[in-house]
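Below is one structure, written out as structure tokens; comments come after it.
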Amino acid sequence: MSHTTHPYQKELEVATLAVKRASLLTKQLSDSIVQTARSGTLTKDDKSPVTIGDFASQAIINHAIKLNFPSDEIVGEEDSQELQENSSLADQVLSLIIKIQQETSVYNDVVGTLTDKNKVFQSIDYGNSQGGSKGRFWALDPIDGTKGFLRGDQFAVCLALIEDGKVVLGVIGCPNLSENIVSNEEHSGVVGGLYSAVKGVGSFYSELFKEGTEPLSQQKPIKMQNHTNPSQLKVVEGVEKGHSSHSTQAEIKAKLGFDPTTVAKQTVNLDSQVKYCVLASGQADIYLRLPVSDTYREKIWDHAAGNILIYESGGQVGDVTGAPLNFGNGRTLDSKGVIAANKEIFDKVIDAVTEIRKSSTPRV
């Protein structure tokens, strides 16, 4: 299928502009939080900035989807109850939305505008779909990587289209991701990346804060590397130890033959689905997210867009057994953990995980 002819042209345009608008809003908010924190006026327990960002981002994107595809359902992370019970918070959310709509008014014809609180509430609550294995729905994470967002570090706005349980389109806006983040040069390249994938077409990179949309034929195709030598491999993992088992992941790297003296330099810790983007663009080779408990189930919005980005860039994604992730099971994945890697090394990673699982407690 060519870059210019695919059946998701309109969906990609809407998703791109909505994610761009939401990314700009969340970037501005994140930057202001960091400034406030530096001045000492933001307390550690103050969750309102990220709450405002989550609500505003979800409202913008859900509204754009429903405006263009009224029969589509959306699986979103938030609902509007807290906002409806807090008038001050709702005012702040609406104010931010109106401001960003004015700044990106060239997008209004495609993604629409929100002008009152009731419409904001309604748009947020469009995200109440339960998903499933039949039909068509979108999966949205309005701010993926809350801690990174609050630190002014990595976070992402993630949107995927799922048809009959299969991801067919993904768009990830990474406001603080530089094009060559894993290189030795500190934050080299353009900051702010948009990563897109369409089933059967490929994965692509473009500048997030460049106005408008470019056809895929004008975007930069991205491909995973096929490194297999342990000395060449780079691993991306989460920052938060509560989200994945770093100790088990260390065992896996040892089993794969990583040199203990260099393994730290070969491991990159990043928040959010930014990890998938780094992998898909060939800057890393393995993504490890091993479960911290036997009962934890991943949310589909945390992985759907990243999943197609990896496949369309030539990689492979699975759970700890190597089985593909199932996005037709409702709002959560019925699987343990997530592992992504280039196709040359994927089976070896799964073999290492299997060996460690056999010799460990049932948790892994």
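Backbone N, Cα and C define each Cβ position, glycine as well.
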Joining ASP141, ILE143 at the Mg(2+) 1 site recorded in Swiss-Prot, out of GLU77, GLU207, GLU211, is GLU77
Same Mg(2+) 2 site per Swiss-Prot - residue from ASP302, ASP319, ASP334 joining ASP141, ASP144
ASP302
In angstrom units, rounded to an integer, how far apart are the Cα atoms of ASP144 (Mg(2+) 2 binding site) and ASP54 (active site, proton acceptor)?
9
In whole Å, how far is ASP141 (Mg(2+) 1 binding site) from GLU77 (Mg(2+) 3 binding site) when you measure between their Cα atoms?
6
Distance check, please: Cα of THR146 (active site, proton acceptor) against Cα of ARG289 (adenosine 3',5'-bisphosphate binding site), rounded to an integer number of angstrom.
17
Run through the Cβ atoms and count how many others sit within 10 Å of the one on LYS275 (adenosine 3',5'-bisphosphate binding site).
27
Recorded positions near ASP141 (Mg(2+) 1 binding site) (Cα-Cα within 10 Å), from ASP54, LYS275, ARG289, ASP302
ASP54, ASP302
Tell me, in order along the sequence, which recorded positions from ASP54, ILE143, ASP302 have their CA within 10 Å of ARG289 (adenosine 3',5'-bisphosphate binding site).
none
